[in-house]
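What Swiss-Prot says about this one:
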{"type": "ACT_SITE", "residues": "GLU147", "note": "active site"}
{"type": "BINDING", "residues": "HIS146, HIS150, HIS156", "note": "Zn(2+) binding site"}
{"type": "BINDING", "residues": "VAL216, ASN219, PHE221, GLU223, GLU226, ASP229", "note": "Ca(2+) 1 binding site"}
{"type": "BINDING", "residues": "ASP280, MET281, ASP283, ASP294, ARG295", "note": "Ca(2+) 2 binding site"}
{"type": "DISULFID", "residues": "CYS161-CYS185", "note": "disulfide bond"}
{"type": "DISULFID", "residues": "CYS163-CYS168", "note": "disulfide bond"}
{"type": "DISULFID", "residues": "CYS217-CYS246", "note": "disulfide bond"}
{"type": "DISULFID", "residues": "CYS228-CYS241", "note": "disulfide bond"}
{"type": "DISULFID", "residues": "CYS240-CYS263", "note": "disulfide bond"}
{"type": "DISULFID", "residues": "CYS254-CYS260", "note": "disulfide bond"}
{"type": "DISULFID", "residues": "CYS259-CYS285", "note": "disulfide bond"}
{"type": "DISULFID", "residues": "CYS279-CYS310", "note": "disulfide bond"}
{"type": "DISULFID", "residues": "CYS322-CYS372", "note": "disulfide bond"}
{"type": "DISULFID", "residues": "CYS337-CYS383", "note": "disulfide bond"}
{"type": "DISULFID", "residues": "CYS350-CYS360", "note": "disulfide bond"}
{"type": "DISULFID", "residues": "CYS403-CYS414", "note": "disulfide bond"}
{"type": "DOMAIN", "residues": "10-206", "note": "domain 'Peptidase M12B'"}
{"type": "DOMAIN", "residues": "214-299", "note": "domain 'Disintegrin'"}
{"type": "CARBOHYD", "residues": "ASN29", "note": "N-linked glycosylation site"}
Amino acid sequence: EQQKYLNAKKYVKLFLVADYIMYLKYGRNLTAVRTRMYDIVNVITPIYHRMNIHVALVGLEIWSNTDKIIVQSSADVTLDLFAKWRATDLLSRKSHDNAQLLTGINFNGPTAGLGYLGGICNTMYSAGIVQDHSKIHDLVAIAIAHEMGHNLGMDHDKDTCTCGTRPCIMAGVLSCEASFLFSDCSQKDHQEFLIKNMPQCILKKPLKTDVVSPAVCGNYFVEVGEECDCGSPRTCRDPCCDAATCKLRQGAQCAEGLCCDQCRFKGAGTECRAAKDECDMADVCTGRSTECTDRFQRNGQPCKNNNGYCYNGKCPIMADQCIALFGPGATVSQDACFQFNREGNHYGYCRKEQNTKIACEPQDVKCGRLYCFPNSPENKNPCNIYYSPNDEDKGMVLPGTKCADGKACSNGQCVDVT
């Protein structure tokens with residue numbers, strides 16, 4: 001499972017914000033600020049490509065009227081304010097994995113940027129801030145790649161770390177010379193972070209239409225107007241793709257995808273993905289495209305020895321959810337614990353309507369907060385919950401979970417399985 005996760009291609013859907021001082025600095029010229037941001041992304045993309053990560057710019061916002069937070073020279077205060085704004089305002093408007101603020105302000109001391117360590121995919125902490133500290137956009141791009149590196153679990157390099165050139169991207173001190181490589185330590189940090197946390201948001205590939213920056217032929221990502229993209233003509237090894245034009249070579253039907261083989265579509269009915277479990281189905285090619293469309297068993301089909309019902313290709317049961325939250329020995333609490341969900345307080349509720357927590361009706365108590373018994377020597381409390389004010393949804397019973405015979409959770413209610 002871990003190896004499969006590590007091998008999977010990762011995608012960071014990036015949102016960039018430029019503050020009001022940036023807008024003034026570039027002569028109140030929106031096009032100039034945008035071009036600066038696009039140039040920066042075009043430097044970041046190949047840096048992360050070497051780490052099996054594609055960085056796609058899915059959003060860009062320029063604060064051309066006034067700042068939406070109080071940007072100040074204290075970097076840690078500004079980072080906290082930016083992260084809170086992202087969590088409470090930006091995320092509800094535009095889905096993305098990571099946000100970085102580019103500011104024209106001078107931070108105190110030698111700081112050129114700041115980012116939360118290991119924050120990727122977290123509602124509250126997948127963010128960084130960077131000072132537009134140099135006219136050379138390569139150096140600013142490397143500073144953003146550095147803060148994103150922190151978000152992706154990389155710490156500062158120690159003296160023993162190397163990337164063949166000195167310094168590397170995660171060096172603790174900003175360098176005047178551009179370095180486009182991560183050190184051996186950074187790669188190890190990142191790998192260990194991925195294995196430990198398995199962040200899910202970066203597995204989702206963005207749509208071509210999600211990308212807001214102009215298409216760049218040679219960045220390994222097929223964008224609007226391209227048929228394929230295998231990198232530069234110098235590095236491309238794909239016989240199906242013309243690297244200079246990002247168009248398919250003559251006679252080729254496709255260049256990549258689970259239903260593409262030697263530049264041709266695989267035949268209709270060819271299996272392209274085996275069934276993962278009893279709620280999944282084997283996926284097959286259509287013979288007309290490279291897509292391997294995900295199919296699964298109908299919702300409501302019994303699974304896991306009748307302990308659950310299939311829901312969107314998975315079999316969510318409370319026992320597994322308790323193990324995921326509290327460790328391998330955890331079990332589901334007794335029914336009496338679930339009565340706390342009738343209180344409608346800050347953690348015990350069934351759903352939220354316009355940010356108001358709605359208490360569970362008696363028949364719905366098993367569709368609110370999940371109660372578990374950790375079964376560990378240090379915790380003998382029979383009614384435990386997982387609750388984090390930064391991510392209140394984590395620790396709720398998952399949609400589709402069996403809550404009674406013939407019933408499953410939907411929007412905080414225990415309803416008939418149809």
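Using the three backbone atoms N, Cα and C, a Cβ is placed for every residue, glycine included.
Taking the features listed in Swiss-Prot, we show where each one sits on the structure.
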residue	record	DSSP (3 states)
GLU147	active site	helix
HIS156	Zn(2+) binding site	coil
ASN219	Ca(2+) 1 binding site	coil
ASP229	Ca(2+) 1 binding site	coil
CYS260	disulfide bond	strand
ASP283	Ca(2+) 2 binding site	strand
CYS322	disulfide bond	helix
CYS360	disulfide bond	coil
CYS372	disulfide bond	strand
CYS403	disulfide bond	strand
- Query: Excluding HIS146, HIS150, HIS156, which residues of the same chain place their Cβ within 8 Å of the centroid of the Cβ atoms of the recorded Zn(2+) site?
  - Reply: GLY115, GLU147, GLY149, MET154, ASP155, ILE169, MET170, GLY172
- Separation of alpha carbons, CYS254 (disulfide bond) and ASP280 (Ca(2+) 2 binding site) (Å): 27
- Write down the Cα-Cα distance for ASN29 (N-linked glycosylation site) and CYS185 (disulfide bond), rounded and given in Å. 40
- Could you check which of these recorded positions, GLU147, HIS156, CYS217, CYS350, sit within 10 Å of ASP229 (Ca(2+) 1 binding site), going Cα to Cα? CYS217
- Message: Comparing the recorded positions ASN29, ASN219, which residue's C-beta has the most other C-beta atoms within 10 angstroms in this structure?
- Response: ASN219
- Item | Reported mean pLDDT - the domain 'Disintegrin' (214-299) | 95
- Measuring Cα to Cα, tell me the gap between CYS259 (disulfide bond) and ASP283 (Ca(2+) 2 binding site) in whole angstrom. 10
- Message: Using a Cβ cut-off under 8 Å and a sequence separation of 6 or more, which residues in the same chain sit near CYS161 (disulfide bond)?
- Response: CYS168, MET170, SER183, ASP184, CYS185, SER186
- Query: If you run the three-state DSSP split on CYS241 (disulfide bond), which class comes out?
  - Reply: strand
- Task: For each of the binding-site residues (HIS146, HIS150, HIS156, ARG295), count the other CB atoms lying within 10 A of its CB, then report the residue with the highest count.
- Result: HIS146
- Task: Anything within 10 Å of CYS383 (disulfide bond)? Look among the recorded positions GLU223, ASP283, CYS285, CYS322, CYS350, CYS372, comparing CA atoms, and list what you find.
- Result: CYS372
